[in-house]
Amino acid sequence: MVLAHTSKVVLGCVAFGIFWVLAVFPSVPFMPVGRTAGSLLGAMLMVLFRVISPEDAYAAIDLPIIGLLFGTMVVSIFLERADMFKYLGNLLQWKSRGPKDLLFRVCIVSAIASALFTNDTCCVVLTEFILKVARQNNLPPQPFLLALATSSNIGSAATPIGNPQNLVIAVESGISFGQFLLGVFPAMIVGVLTNAAILLCYFWRYLAVEPADQERGGVVSTGPELVGDDEVTSHRFTPARMSHVSSLNPDDFDCVSEPIIRSASVNGDLRSRSVNSNSNAAADADMQFSIRSLRSSSMSHEMVEVSTVPVLDGASSRKFTRTASQQRSVIIEDAPPSSPTDDEAAANGDKDKGELPEVVEKRWKVLVWKTAVYLITLGMLIALLMGLNMSWTAITAALVLLALDFTDAQACLEKVSYSLLIFFCGMFITVDGFNKTGIPNTMWELVEPYSRIDSARGVALLGLVILILSNVASNVPTVLLLGTRVAASAAAISPASERKAWLILAYVSTVAGNLTLLGSAANLIVCEQARRAQFFGYNLSFWSHLRFGVPSTIVVTAIGLLIVSSY
């Protein structure tokens, strides 16, 4: 393909350059609009500059990929609600034998979870928990945060639903879920184990320090730099934006789908605080009302809080209920007199035994609902392994979960990261317009003769090109730019070589995200979540990540190339 007209080439490069700057540096000083607006700006300029027609721009949007992304987001939201990631967090500490064992578990659990639930989602829900465990045990947070970020990236390479670039490759190549898994899974397992070994060697001395020594002047003594919310400039977009509360106690909520949460007394199991007036106790009993903070459709992870304050007008006891919807509507209704706590009732011998069947029933409802979520997710994975259409399989699973929730789906759908979906739409248009300039094809023609995958030198050069371009242009644009060209070059050798080329692209473009802190959205999520963590904040710097990321990425990529290319 020859280059297009000079004006088209220049204008196309300008539009793509603006998109690239805002995608890689979302907080650039002269236009801090973020990645999503940057992708839309690049797409709009491609159309305004007539590099691509409006009809071709609409056709460039890959709807199967958008549908697959949406479906996996909704499924991830329900899995988080069903405490899947809480159980994974508990698994990290179950019979742990020390810091090294904990670090190894973080690598394995985050890798497997990322392959099934996407790497960004795992980083969102596990970062604060891992950071809290490290702090409470007087362990340096850095190795555990690096383990989470790097292992999540490596693990997500194993399946088409592990990360966005794999979604693109699976749809564009037509490779089934099973073929993809068989081709990359062995390389993923070896890569995770290798990465864990490098982590243990790199931080062996720090992990071997006894807690008492750490308190006297070990690694933790210097203390990490705490960074306020206003100083966090990295923009993240994740498959599921979930407000994770690591200290959430599921027993605080009686039923998953019940919008109104019944509470015990003021001194019961729920966290409470009281404001007592200075008047006599008899007056206080008639001049109090409860403030309750409720979850709307049980979708928002908010603490349930009961407060008692005096009513100034001397009226009868009132109950003040606040919902968790966006409108924060307030309902005031008559409240019955406060009842004694369970302990007091048991001591006095007048415990209300009629409550017991109701509690048991609600616990069973929660158990049945969680089981349904896990079974539907398992069914989705089985359908994907059977080779069914990935987009419609994910969308079907999402809709079944929404239907079985028996509540308004708005609260759940609000958690979907629509900014990511819009980012992909704009990126599809921008990259397609840049392809029409002829520049990517011309550059590939210079490299293609030396990067054929029928030789070890060609595989090594192809891996190096993907590694560099993934850190320069980001991994998803790299896949869009190189995918069809690499596949066409390999198809000239054999159909098996074409499938192998797609799998090499998937593995290397994913692992390449571990090279630098900016190489992957998962890295930025871990960094941001760690800096924002209340009481346990930690600043994972660019250079601390780079010192480990470079050797780990080179070794893991080289080993993975040997395994995938032999498939």
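Keep in mind that glycine also has a Cβ here, set from the backbone N, Cα and C atoms.
According to TrEMBL, the feature transmembrane segment maps to 9-28, 59-79, 102-131, 181-204, 372-404, 416-434, 459-482, 502-526, 546-564. Positions annotated as domain 'Citrate transporter-like' by TrEMBL: 31-512. Taken from TrEMBL, the feature region 'Disordered' applies to 322-353.
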If you count CB pairs under 8 A between the transmembrane segment (372-404) and each of 59-79, 181-204, 459-482, 546-564, the winner is 59-79
Listed stretches 9-28, 181-204, 416-434, 546-564 vs the transmembrane segment (502-526), most Cβ pairs under 8 Å: range 546-564
Segment-segment contact (the transmembrane segment (459-482); the transmembrane segment (59-79)) at 3 or more Cβ pairs under 8 Å: no
The predicted model's mean pLDDT over the domain 'Citrate transporter-like' (31-512) is 74
With the cut-off at Cβ under 8 Å and a gap of six or more residues from its ends, the chain residues touching the transmembrane segment (181-204) are 100, 103-104, 107-108, 111, 115, 140, 142-143, 146-147, 150-151, 154-155, 157-159, 175, 385, 499-500, 503, 506-507, 511, 514, 548, 551-552, 555-556, 559-560, 563-564, 567
Sequence-distant contacts of the transmembrane segment (59-79), meaning Cβ under 8 Å and at least 6 residues beyond its ends, amount to 52, 85, 117-118, 121, 161, 164, 167-168, 171-172, 239-240, 242, 373, 377, 380, 390-398, 401-402, 405, 412-413, 415-417, 420-421, 424-425, 428-429, 431-433
